[in-house]
Amino acid sequence: MTFASFLINFYSVIPRLNFKFHWTNDVFNLEWSSEYFQALALVACLGAAVSLLLLVTIIIVWICQACHKNETTGKTRRRVRRLSTVLFIISVLCFFMLGVCLFANEHVNRGMSISINSIINTKKSYQISTAQISQFQEAALNTTVHLKNLEDTVHVESKKTKNATIVQQIDQILTNITDEIDIIAKNGKLFQAKHGDDIGKLEKIRKVLSLYESERWAFLVILLSITMVVLFTGVVAFCKQSKKGAVVFSAIGFFIFVVVWLLISISLPLTIALADFCRDGDQVTRKNLGNLYETVQFYNTCVPVTTHDNLPLPVARHVALLNNIPANKSQLDRLMEVAFNSSAAIVNSSSAVGDDITKMLKLAGAVSSSSSCYVFHDDVVNFYYGTCNQSVAGMSIYMLSILLLGVFLFILLIVVSKTWNLFSRLPNEYTEVDEDDPFFPRGVNDSTIPVDIYGTHVYNPRTRDRTEPSTNTTSGTADEPNAPLWSQNVTVPLVSNSMSRQPFMSDHPYNNYEDRYNM
């Protein structure tokens, strides 16, 4: 038992239940109203129900995590580092499962490519075979015309001979040859009418398989690539311990999780259907192939040999009618030579018939060669090998890997919610300043920086180093003498009815400035 056959038997154990939850015996009937299609729909609904349950679990955990009070006491570096390590390990496992999914996808694509190429080769060989059979049938029709001329000539020449017994034998042999040639011509027409659309059926199967496989392969590659990019973004956020990156990954990862589980819900019934086709697909194969089904079954089970006698039954019967004609033609020539003494008319008509029979013998050999078992056997076997061996194994590996990927994504989304309060918001990235920045000019000495760079020179230490006189805003009375106020020469005017303004501290060294207070 091969690995593929083991998988096919394993999938057969899965119950096929209709919408009434009754076991159905309908196998691989893809009609919309069939019970088998209902069974596949229930399997898809089962996968969707599991995914919905996991989604509800994630949402509940996220709500609880969002409502949880942020306690900074437990926010230690060790815990953050440990959580980042766990997320990194889960992400690596997800990457590994994605790689296995891509490998399985390529494995299925290779198997389907083998099947499609076998259909193409079978179609080409079948076209050659049918062309040889058509030429064989046309040669039989031409031979029938020449046999009719020979019969007319024999009837005319028989009136000149007196040997009635030989003439009667000639008529009998000629009738036998004519009947056999007529049967060959009629069988050729019947064969063409019966198998005339076989090429179209093969081409239709090739187009359907090519379209399905190309779309399936491209769809999975795009989705898995997007999932890989999202996971890579999450890994970067985990390594940088970025709160914003973790939140963004949670949002995008939620949709990726939904997509992965939708793929699981769709892929599982398709895998079961493929296994059922390989195990019990004769009914649908017979329906789609029609008259070609028996021929395909023959080439699938025949043993290829170097001889040309291993042919399908319709072709073998068609060619076997020619076996007795050469011997009958030789006997006919001997009798006509004796009866008609090598008459020119008889010789010419007999030569034309002989040429036609020789041509038919050559075409019969061509039909046997182009329709023999060794011509089609490998292509038919490769079709079953690519579909029921490589594709089944690839789909099984893909199902296992994407199921594990869905589980790991579920765990990842649960764990990543714990980082919302543990990871800190990273500062903005460093921005390079240009040459016009007044706070950090490039290539300029600090002495050229304006004093009022801060908007005011208050509390600016550079003000003290300037040569301008101080305004006493930063150093108080640094430039004034340290004499007490009562020791200074101050005059007080007498009290009068009219107050006159007198310069205050007129003898002060700073009286040449505009800051004066008059009383």
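Glycine is treated like the rest: Cβ placed from N, Cα and C.
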Of the residues N328, N445, the one that Swiss-Prot lists under N-linked glycosylation site: N328
Per Swiss-Prot, A193 shares membrane side with K329: yes
Feature N-linked glycosylation site, as given in Swiss-Prot - residue among N341, N489: N341
Lowest local Cβ density among N142, N163, N389, which the record lists as glycosylation sites, within 10 Å: N163
Cα distance (Å, whole number) from N341 (N-linked glycosylation site) to N163 (N-linked glycosylation site): 12
Neighbouring C-beta atoms (10 Å sphere around the C-beta of N341 (N-linked glycosylation site)): 11
Distance check against N176 (N-linked glycosylation site) for the glycosylation sites N328, N348, N389, keeping those with Cα within 10 Å: N328
In the chain carrying N328 (N-linked glycosylation site), residues 6 or more apart in sequence that have Cβ under 8 angstroms from it: I173, N176, I177
Feature contact check the transmembrane segment (43-63) with the transmembrane segment (246-266), CB under 8 Å, 3 or more pairs: yes
